[in-house]
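Q: Next up is a structure, given as structure tokens.
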């Protein structure tokens with residue numbers, strides 16, 4: 001008799017995705033982050049669900065409801081900090097996952113890559129709205145500054161901002177709708193992740209060499225299930241260490257002050273995972289230009305497949321491209337650092353140079369270097 005997991009319509013989908021899936025025999029630990037992102041999403045949805053049971057999306061009670069969760073709810077502090085630091089882990093895994101895709105040429109799977117870019121936008125939108133919910137100083141002013149950027153859109157800008165606010169400033173209506181969107185978006189993200197996997201399984205996984213691995217496939221289970229479980233255990237170890245030893249390490253002290261529209265914090269800045277984009281936004285003196293640069297800093301990923309000029313898919317055998325890739329990583333770290341600094345000399349000029357280098361590397365230097373490496377193959 002044929003195994004039930006192969007005949008049952010539902011079990012067969014799970015079987016062909018996680019058990020009998022033919023996988024390349026040489027994929028490294030850089031391929032673990034997809035499953036880790038899935039775990040992060042599950043953790044975020046579950047902790048978020050329990051937080052939503054006690055949270056109130058009203059400007060008068062939002063801050064005190066979060067305090068109530070931490071003080072009075074059984075293990076509320078644990079749920080709250082798992083959710084807050086889980087977001088940081090989510091973005092660490094996301095950045096490493098995207099970096100892996102860039103390094104090994106996984107972006108050549110166009111549909112998978114584009115759904116991935118869409119997922120990145122959705123996760124960033126969700127995280128931004130989630131940061132507004134505790135209604136601390138940084139929540140309020142972060143929401144005010146970022147939503148205000150839409151006023152740079154010609155003609156409809158100011159109307160659009162008031163429409164999003166639900167009034168003439170960030171207030172009760174804004175908080176309520178942000179809570180509604182923050183609640184629904186993770187489920188949309190889960191659906192998109194399903195589409196992401198669907199497209200991936202149409203082609204099969206890429207591998208470090210970038211070569212076709214059809215001749216040498218192994219079943220996903222037990223080889224990669226065990227490998228993924230190790231990754232999950234390490235993720236849980238880092239997350240729990242962060243939550244139990246220094247839960248506020250990645251947060252902003254200003255968010256422990258209730259929102260006050262009459263008092264602006266000295267340095268308005270988003271969470272650490274948005275600092276690179278925030279630095280790019282600030283480095284352009286023009287408002288509309290800054291907004292465009294901010295959007296393009298992520299949207300530029302969508303054009304990467306069309307800028308692939310190399311005859312090789314992966315960077316594994318391309319030392320010059322590797323060098324540029326690690327310069328890009330260093331540049332992003334520099335931008336992240338600049339985003340958290342005040343707008344003054346020398347940070348302004350460093351931010352502007354790092355922003356120029358970011359776009360220059362992706363749009364110009366990497367494609368040119370790939371062409372140069374193609375010529376080296378002829379020698």
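A Cβ is built for glycine as well, from the same backbone N, Cα and C atoms used for every other residue.
From a predicted model like this one, the values you see are computed outputs, not experimental measurements.
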Q: Swiss-Prot lists transmembrane segment for one of the ranges 33-53, 54-74; which is that range?
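A: Swiss-Prot lists transmembrane segment for residues 33-53.
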Q: If you look at how Swiss-Prot annotates this chain, which of 77-98, 143-164 comes out as transmembrane segment?
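A: Residues 77-98 are the ones Swiss-Prot records as transmembrane segment.
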Q: For the feature transmembrane segment as recorded in Swiss-Prot, pick the matching range from 263-283, 347-367.
A: 347-367
Q: Rounded to a whole number, how many Å is the Cα of residue 182 (heme b b562 binding site) away from the Cα of residue 97 (heme b b566 binding site)?
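A: Answer for this pair: 23 Å between alpha carbons.
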Q: Residue list, the transmembrane segment (288-308) vs rest of chain: Cβ under 8 Å, 6 or more residues beyond ends.
A: 98, 102, 105, 107-108, 110, 113-114, 117, 120-121, 124, 149-150, 152-154, 276-278, 280-282, 355, 358-359, 362-363, 366-367, 370
Q: Please compare the binding-site residues 83, 97, 182, 196, 201 by how many other CB atoms fall within 10 Å of each one's CB, and tell me which has the fewest.
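A: So among 83, 97, 182, 196, 201, the binding-site residues given, the one with the fewest Cβ atoms within 10 Å is 201.
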Q: Report, as numbers and ranges, every residue of the chain located at least six residues beyond the transmembrane segment (33-53) whose Cβ falls under 8 Å of a Cβ in that stretch; write 'none' if there are none.
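A: Residues 69, 79-80, 82-83, 86-87, 89-90, 93-94, 96-97, 100, 182-183, 186-187, 189-190, 193, 228, 231-232, 235, 239.
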Q: Should anything in the same chain at least six residues away from the transmembrane segment (113-133) have a Cβ under 8 Å from its Cβ atoms, list it; otherwise answer none.
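A: For the transmembrane segment (113-133), the list is 55, 57, 62, 66, 87, 90-91, 94, 98, 101, 106-107, 139-140, 142-143, 146, 174-175, 178-179, 181-182, 185-186, 188-189, 192-193, 195-196, 199, 270-271, 273-274, 298-299, 301-302, 304-305.
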Q: Measuring Cα to Cα, tell me the gap between residue 196 (heme b b566 binding site) and residue 83 (heme b b562 binding site) in whole angstrom.
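A: Distance (Cα to Cα, whole Å): 24 Å.
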